[in-house]
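As recorded in TrEMBL, the features of this protein are as follows:
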type     : residues                                       : note
DISULFID : CYS101-CYS106                                  : disulfide bond
BINDING  : ARG193, THR195, TRP206, SER245, HIS248, ARG285 : FAD binding site
DISULFID : CYS389-CYS392                                  : disulfide bond
ACT_SITE : CYS389                                         : active site, nucleophile
ACT_SITE : CYS392                                         : active site
Amino acid sequence: MKRNCNRVVMQFKGHFTTQVCLLFFIISRCFAYFNFKEDNDCFCQLQGRIDDCSCNIDTVDYYNNVKIYPRLRSLLNKDYFRFYKVNLKKECPFWADDSRCAIRYCHVETCQEDIIPSGLKGEPKPVEKYKADSNCKDDHNVELGYLNTTISKQAREEFVIWTNYDNAQENFCLIDENDSEAEYVDLLLNPERYTGYKGVSAHRIWNSIYMENCFKPRNSFHTYIQSEKLNHMCLEKRAFYRAVSGLHSSINIHLSAKYLLSDKDEFGIDNQGKWGHNVEEFQRRFSPETTNGEGPNRLRNLYFIYLLELRALAKASPYLEREQYYTGNEVEDWDTKLAVKDLLGIAKSFPEHFDETNMFIGGEHAKKLKGEFKHHFRNISAIMDCVGCDKCKLWGKLQVCTCIFVDLLLH
């Protein structure tokens, strides 16, 4: 089991740390937004135990606001987390891509080659070489030290085939890092916010995710599952739905918090627009009156996915603590490594982690269900290539890789 966990982390470690920290940061901002009006009677002031978890909402609020969020806010300005490699040019594999967004706020500025840190581009970290005056040659025997390092062309080709097969079989989502068309994006210059992308195209994305890839109770034909029906499903299927719903809530809250209020800035100049909180939009998406009573439950699912990520971060900490976080800037790299180690220590000290050991323990049926998990998560990550807004696609692809956390927890 330890080796499988190692495989997941080592394969995705750059993406894993970037994504989990960014998602924590996004969700942390979401929690802060709950208190925007500081109204104790607001539906967004949640209380009680988090569904399918052992801790209370108040515990997560305190831990996030006091310990997690302040550290993330500083950490995510570091170059290692600021630059993200992604392919925004993939074609939609499920339907004709007829929804390219022409709104200027949908555009993503990719990075010029000369501003990408050398370490992120693959340049090796300098290592100390043996000194020229070393006497090692005196003890070197060429014959005894000979090692045949040649590999046949056929063996190399087979390695590639088996590597691709392993990736296809084991990965819970599709990663762009090694894609030839992937480019680096500066996330600080391309923040997640409402761009104006909406309508049929945007609804088709979420309808496809919920209707075709989420587990459904019998005789349920609605896009979203009502809480009373969700509670009758098994733990694994509930966890899948809560994770997707929590991700959706995270995106909706962030878009409401950074909403395009006007094309002109506060001085009336048509420049970069005026962005700010849109309380009416938040209420439309989450108020009980506009969601048949389900809005607060969707907010609770945000806490569920937060605990999922926190547990995954703690579980991966032995491997992530050994990562160098190398960008080529020696001083900042050292600060980043220390900051990540500090964050991992906080994650490990959380008293009531999500308990994944109760999942997939039913023999052949559990094995089959786990395969369905993987298939659905891979589909959802592929659906992100169907998003018509490049900026929405960027942040959607990053956040949907929450499935990396599920992959890690289940190994």
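Including glycine, each Cβ sits where the backbone N, Cα and C put it.
A quick note: this is a predicted structure, and the numbers were derived from the prediction, not measured.
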Query raised in the report: Near CYS389 (disulfide bond), which recorded positions out of CYS101, CYS106, THR195, HIS248 have their CA within 10 Å?
Result: CYS101, CYS106, THR195
Report summary line: Among CYS101, CYS106, CYS392, i.e. the disulfide-bonded residues, the one with its Cα nearest that of HIS248 (FAD binding site) is CYS392
Query - Candidate nearest TRP206 (FAD binding site) in space, where candidates are the disulfide-bonded residues CYS101, CYS106, CYS392 and distance is Cα-Cα - result: CYS392
Report task. Calculate the distance in Å between the alpha carbons (Cα) of ARG193 (FAD binding site) and CYS101 (disulfide bond), and round it to a whole number. Result -> 15
Query raised in the report: 10 Å Cβ neighbour count around ARG285 (FAD binding site)?
Result: 18
Requested in this report: Please report how many Å separate the Cα atom of CYS106 (disulfide bond) from that of THR195 (FAD binding site), as a whole number.
Outcome: 6
Query raised in the report: For CYS392 (disulfide bond), which of these binding-site residues sit within 10 Å, Cα to Cα: THR195, SER245, ARG285?
Result: THR195
Report task. Look at the binding-site residues THR195, SER245 and tell me which residue has the greatest number of other C-beta atoms within 10 angstroms of its C-beta. Result -> SER245
Query raised in the report: In Å, how large is the greatest distance between any two Cα atoms among ARG193, THR195, TRP206, SER245, HIS248, ARG285, the listed binders of FAD?
Result: 21
